[in-house]
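Note sheet for the following structure.
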Amino acid sequence: MYQAMEVESTSPSGFFLDFYTQSTIPTTDFLNNTNSSHPIRDEKLVKIEIAVLGTCFTLAIINNLCVLLVLLWRRKKVRRMQMFILHLSIADLIVAFFNILPQLIWDITFRFMAGDAMCRFIKYAQMFSLYLSTYILIMTAVDRYRAICHPLSNQTWTPCMVYCKIFIAYAIATIFSIPQAILFQMQEVNEGSGIYDCWVHFEPAWVLTAYALYIFFALYLIPILILFFTYGSICYTIWAKYRHAIKTKKDANTRYPQRRKKKGVILRTHSVHGFSKAKLNSVKLTFAVIVTYIICWSPFFVSQIWWLFDETVVGNAGVVVILLMACLNSCTNPWIYLIFNRNYISNVLPCKCLRRHRVEVAATTETERLSLGSVRRDSRKTSDPKRISESRRISDARRISGKTQKNNSSSPRKTSDQFIYSDKTT
């Protein structure tokens, strides 16, 4: 979130700047009169901020609770990828309750109404939630990187490894948020004004630039570089294996041209060029979450760097609206997960007719799977001459054996009947 902070400059009077200290929206406190010691807000813009914050808070709570409900409903079958999604939803809920909600209340009251301890805690929690959400996303990308690029080492994974990565994300968020609790405190907005707020005075002025760059590197640039490396490696590995599979297929067709004449051969559907569909789906899911993260946060950090070199951007309504995109990230992550896992949504549908439809779809899928397996077996039998001759030989042998057994079993019965008939006639 953002809160206006005063920076002591060389000019006679101080001025208020919007600066990123939370997870979503900056407040619009600024001086209309440079000779005034009290900031005046743009109330129209504040109302827009409050409306957007309230909407984002509601959507973040509802959407992430839906994801948690789906995952907890399937808690006995939760896979490693879903564990990361579970904690990402928890992080987004922390963003909603400890970042968006305090900022919403703060915008309504204009001044922070709690004490110094609560001021430091809220500021710490706001940054903690942001770091946690970001670094859980990074650990998810690292896990997909190991699964795709290093499959042999990935074979030995245990649930403990997943929990270790999640613990690392929590530890990084805990440590990186400490400066926020040190800098902010309840103090006078302007010395001698008698107005107290959860505030920070950056003295000298270069401390503000240093802290802004610290947040930029820790929360955006370094995570983006890690995400680019992991997904660049994943894309290259998938492309290389796809190319190798195509080359191998061409070589096989060149060496054994008669195989190209086979009919009725159905390819396996649970894997694509050595990767399972579930693994590829998890890669697509993580990639979508990362792209959304970049889209939501890039305008904010670009504006922050711009603000460091151009102070006239402060109070610009257009810039504030652009910065509102950052809070959408906690709302969009659940949508992405549910879109990529539509079959899980039916697990929590309360309507019996919808559940019946789910069962019918599952039965149809199972029938198609079984029929596909039978067709595949039949195609293998009909496409191989050796199998055809072997199956015919076995069936002929069984038919001859059955006739022999029938003749052997029917002969004594016929003889016995003849004896009985002869006895009666005599």
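Glycine is no exception: its Cβ is also placed from the backbone N, Cα and C atoms.
Swiss-Prot names the disulfide partner of CYS119 among CYS56, CYS66, CYS164, CYS198 as CYS198. Residues ASN35, ASN154 are shown; Swiss-Prot lists N-linked glycosylation site for one of them, ASN35. Topology check against Swiss-Prot: ARG79 and PRO159 carry an identical topological domain name and occupy the same side of the membrane. When Cβ distances are compared across the two stretches, the transmembrane segment (320-340) makes contact with the transmembrane segment (85-105), since 3 or more pairs at least 6 residues apart fall below 8 angstroms.
Outside the transmembrane segment (289-309), and at least 6 residues removed from its termini, the chain residues within Cβ reach (under 8 Å) are 17-20, 88, 134, 137, 140-141, 209, 212-213, 215-216, 219-220, 224, 227, 231, 319, 322-323, 325-326, 328-329, 332-333, 336-337.
Long-range contacts of the transmembrane segment (166-186) within the same chain: residues 21, 83-84, 87, 112, 115-116, 119-121, 123-129, 131-132, 135-136, 138-139, 196-200, 211, 214, 218-219, each at least 6 residues beyond the stretch ends and with a Cβ under 8 Å from a Cβ of the stretch. Sorting each residue of the topological domain 'Extracellular' (187-208) by its DSSP state yields 3 helix, 8 strand, 11 coil.
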